[in-house]
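Working notes, beginning with the structure itself.
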Amino acid sequence: MEKYVLRNTIIDLLLRIEQDSGYSHLLIDHEIKKNHVSPKDEGLLTEIVYGTINRKITLDYYMNHFINKKKKMEPWVRMLLRMSLYQMIFLDKVPDHAIIHEAVEIAKRRGHKGISSLVNGVLRNVQRNGVPSTSEIKDNVERLAIETSHPTWLVKRWINYYGYETTKEMCEANLNHRATSVRIQPLRISRKEAMEELEKQGFEVRPSIFSEQGIIIDKGNIIKSYLFQEGYLTIQDQSSMLVGEMLQPNPGMHILDACSAPGGKVTHIAEKMQNKGWIDAHDLHAKKIKLIDKKASELQLTIIDAKKADARNLHETYRPDTFDRILVDAPCSGLGVIRGKPDIKYNKEEADITKLATIQLAILNSVAPLLKEEGKLMYSTCTVDPEENEHVVKQFLHQNNQYIVDSKLFDEIPESLKDSLGVSEYGVQLFPQSFQTDGFFLTRLIKRVSPS
Ligand SMILES: C[S@@+](CC[C@H](N)C(=O)[O-])C[C@H]1O[C@@H](n2cnc3c(N)ncnc32)[C@H](O)[C@@H]1O
């Protein structure tokens with residue numbers, strides 16, 4: 001692909017991602033297919049797009065030192081500068097002079113002489129003088145927010161809950177790449193066989209300590225392996241695998257997954273049930289039900305019945321005491337998965353967290369009667385925020401006194417993980433900086449036998 005076309009595609013992608021927040025991975029996939037981007041350019045395109053988004057606030061801080069803030073700048077020009085600065089400062093794949101040359105070329109073709117001299121001026125200035133130091137920023141919170149490109153409200157919030165050091169580690173971890181992990185389909189292949197086969201294909205792999213089905217891929221693109229393409233394994237973050245493990249599903253059980261799409265955890269549960277029993281899986285969005293069916297069929301699992309439903313109303317669909325296990329993997333702010341989807345950190349507001357907590361509690365309250373006595377209910381989110389995690393569990397327990405936290409949950413956590421977890425009386429918080437996983441919260445509740 002011609003360099004100009006590739007860089008121009010990246011600018012268009014970045015502009016669209018900024019408008020259609022939350023769908024970066026879909027937009028990138030679409031653009032790669034539409035433009036027949038070669039595998040070599042695909043890696044560079046993905047790296048520049050995610051990197052530029054991930055470092056947006058830092059890049060704007062640098063850029064603002066070199067431009068007249070009063071002058072209005074067209075969005076594509078700002079994007080061109082951002083992505084060029086990202087490459088100059090954070091990547092060493094292309095020499096600075098080539099980055100500047102390409103940027104000026106794009107500015108000439110897309111704009112006019114005035115724009116190309118502005119772009120040339122800013123980038124040459126950075127090349128000659130470097131970028132301004134963030135040590136000039138007096139306020140600790142603001143400095144951390146700018147250095148790690150997180151919104152100030154979020155940094156303040158995390159410091160308030162977790163302290164400065166943990167917040168700093170978390171924000172820094174959100175800038176780093178994390179290894180992909182996969183889960184084997186154990187009814188089709190063992191972990192040992194899968195690891196040997198992947199090594200033969202040139203992958204570098206390690207077993208996960210979170211699940212006996214988990215493998216960490218340190219090197220290689222798993223999508224290209226036949227093991228992935230033919231459903232011998234599926235991509236899943238290690239932290240999510242803990243849910244399937246800790247729910248303790250057994251063959252023959254009847255299980256409810258209230259918020260199921262795209263089907264990562266429900267297929268894990270079906271595998272652990274050896275594809276024997278019944279799973280009712282729901283999601284609010286009809287379109288997403290197809291994703292659950294697709295994943296189940298790829299993995300050759302047949303016990304999942306997926307249907308659209310609002311989980312807040314499931315008490316109207318099922319009779320009380322129906323299920324042996326219930327999973328509520330709730331819709332959440334996703335602040336634990338910033339590393340993989342960096343646009344999340346700019347698209348959320350503090351008020352969203354409060355709204356989500358209301359929905360999460362409503363879902364839990366709706367499914368609570370549906371669990372059999374002595375059954376187990378898992379509540380999980382891929383976020384790092386007490387309002388959506390511990391506080392929701394606390395309120396739920398207050399409103400449903402038949403439920404208690406299963407204290408055995410804490411005993412089951414592998415010893416090597418315990419020290420780095422945020423353990424409270426309401427559940428377990430995984431931080432993204434601790435184990436190369438997403439940030440994740442989970443807890444297991446038991447419904448006690450009613451005294452009456
Ligand atoms: C964290 S995701 C679930 C991920 C899934 N458990 C997995 O492992 O692949 C939360 C899901 O909840 C769905 N959702 C949002 N509001 C809902 C509601 N009121 N009832 C049911 N599902 C809902 C979203 O569409 C989303 O697919």
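The backbone N, Cα and C atoms fix where each Cβ goes, and this holds for glycine too.
All annotation found in TrEMBL is predicted automatically rather than curated by experts.
The structure displayed is predicted, hence computed values, not measured ones.
Copied from TrEMBL, the annotated features are:
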- 170-448: domain 'SAM-dependent MTase RsmB/NOP-type' (DOMAIN)
- Cys259, Ser260, Ala261, Pro262, Gly263, Gly264, Lys265, Asp283, Asp310, Asp329: S-adenosyl-L-methionine binding site (BINDING)
- Cys382: active site, nucleophile (ACT_SITE)
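Sequence features, as recorded in TrEMBL, placed on the structure.
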{"residue": "Cys259", "record": "S-adenosyl-L-methionine binding site", "Cβ neighbours (10 Å)": "23"}
{"residue": "Ala261", "record": "S-adenosyl-L-methionine binding site", "Cβ neighbours (10 Å)": "24"}
{"residue": "Gly263", "record": "S-adenosyl-L-methionine binding site", "Cβ neighbours (10 Å)": "27"}
{"residue": "Lys265", "record": "S-adenosyl-L-methionine binding site", "Cβ neighbours (10 Å)": "24"}
{"residue": "Asp310", "record": "S-adenosyl-L-methionine binding site", "Cβ neighbours (10 Å)": "16"}
{"residue": "Cys382", "record": "active site, nucleophile", "Cβ neighbours (10 Å)": "25"}
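In this structure the C-alpha atoms belonging to Cys382 (active site, nucleophile) and Lys265 (S-adenosyl-L-methionine binding site) are separated by 12 Å. In this structure the residues listed as binding S-adenosyl-L-methionine are Cys259, Ser260, Ala261, Pro262, Gly263, Gly264, Lys265, Asp283, Asp310, Asp329; their two most distant Cα atoms lie 19 Å apart. Mean predicted confidence for the domain 'SAM-dependent MTase RsmB/NOP-type' (170-448): the pLDDT average there is 96.
According to DSSP, Lys265 (S-adenosyl-L-methionine binding site) sits within a helical segment.
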